[in-house]
Amino acid sequence: MGHRFLRGFLRVLLPPLPLRSPHLKLSLEPVAPSKRPRSHLMAPPRIGTHNGTFHCDEALACALLRLLPEYREAEIVRTRDPEKLAACDIVVDVGGEYDPQRHRYDHHQRSFTETMSSLSPGKPWQTKLSSAGLIYLHFGHKLLAQLLGTSEEDGMVGTLYDKMYENFVEEVDAVDNGISQWEEGEPRYLLTTTLSARVARLNPTWNQPNQDTEAGFKRAMDLVREEFLQRLDFYQNSWLPARTLVEEALAKRFQVDPSGEIIELEKGGCPWKEHLYQLELGLSPAGTIAFVIYTDQAGQWRVQCVPKEPHSFQSRLPLLEPWRGLRDEALDQISGIPGCIFVHASGFIGGHRTREGALSMARATLAQRPAPTPAPNPMVQ
């Protein structure tokens, strides 16, 4: 993990004063007095959730809460007994009520239809929230600020808050609420190794003599907490810094090639695609990028085609068809560019020993393309 992230995590271990989030539309009022006896008021707080078979959403909800200083030592009370739940400081995924003022975060009641968009106007996500999404919505900015070692007002917190929801929490919400990955048609493959599926497999099997779920639930919290922290670390220390590299590359694109359709990244291997699509929207003059060149770990050059969409295997402009699937001397001969290493069979990427050679591969493809038609930007709906 990066040093900044570790410093942030140390702040969780040595908690600062809690901060209120200015980002949330629903403010959290002080919690109603606990129904616990007065003699227990100094006891660790209690997080209530249901017992029996557990799922990814409440495991993640509890794990996220325990990353906050005020709940780090919290007791997890797994029960469906209303009296025991009433004595808890916060209740997730059980109880049949959503009342953030009293810290009740269930989503199973018929009346509950909330999404990130409905509770936080301006957010685009329309997936019905699970207990994980509810906890993330109400505590996420505060949690990320503490983990990242900064304030909630830091723009990085807002950026990573959105990124972590879209790429981590929303899937948990969707799976728990039974929302199909596809709106129409048959899925082309099965998702069997998702976070939710791995949590589900920690439950006892139907034919195990011991049906106790307590140990499995603790393992589930460890699993989702570790994965959440790893993802946040990646977005903070890899994904976010890559934006600066893409911005710089776009600013220099006409120095790389007069077409303005080839950019050169200072460092290869960075996650550039999503940043490119977003930054293209503000280009002046307007345009889209066809190729990205960069060095690989061996110091050789790659020329990669920009895909039509972030996760698409189709390129805006693939490398020339006669080159595809060829290597070394055979590729040199047919391309007329000495020093080639390879071109992938689909044409989405190629390799060359030199920067000039990689540029020549991109330029030759640009020169032989059909009459230009502006490539759509996937960020434009």
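Here the Cβ of each residue, glycine as well, is placed from N, Cα and C on the backbone.
As given in Swiss-Prot:
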- 1-47: transit peptide (TRANSIT)
- SER120: phosphoserine (MOD_RES)
- LYS267: N6-acetyllysine (MOD_RES)
- LYS273: N6-acetyllysine (MOD_RES)
For LYS267 (N6-acetyllysine), which of the three DSSP-derived states applies: helix, strand, or coil?
coil
If you count, for each of the modified residues LYS267, LYS273, the other Cβ atoms lying within 10 Å of its Cβ, which residue has the minimum?
LYS267
Cβ neighbour count (10 Å, all chains) around SER120 (phosphoserine) is 19
Spatial separation of LYS273 (N6-acetyllysine) from LYS267 (N6-acetyllysine) - C-alpha basis, Å:
14
Taking DSSP as the reference, which of helix, strand or coil describes SER120 (phosphoserine)?
coil
For LYS273 (N6-acetyllysine) and SER120 (phosphoserine), what Cα-Cα distance in Å is obtained after rounding to a whole number?
27
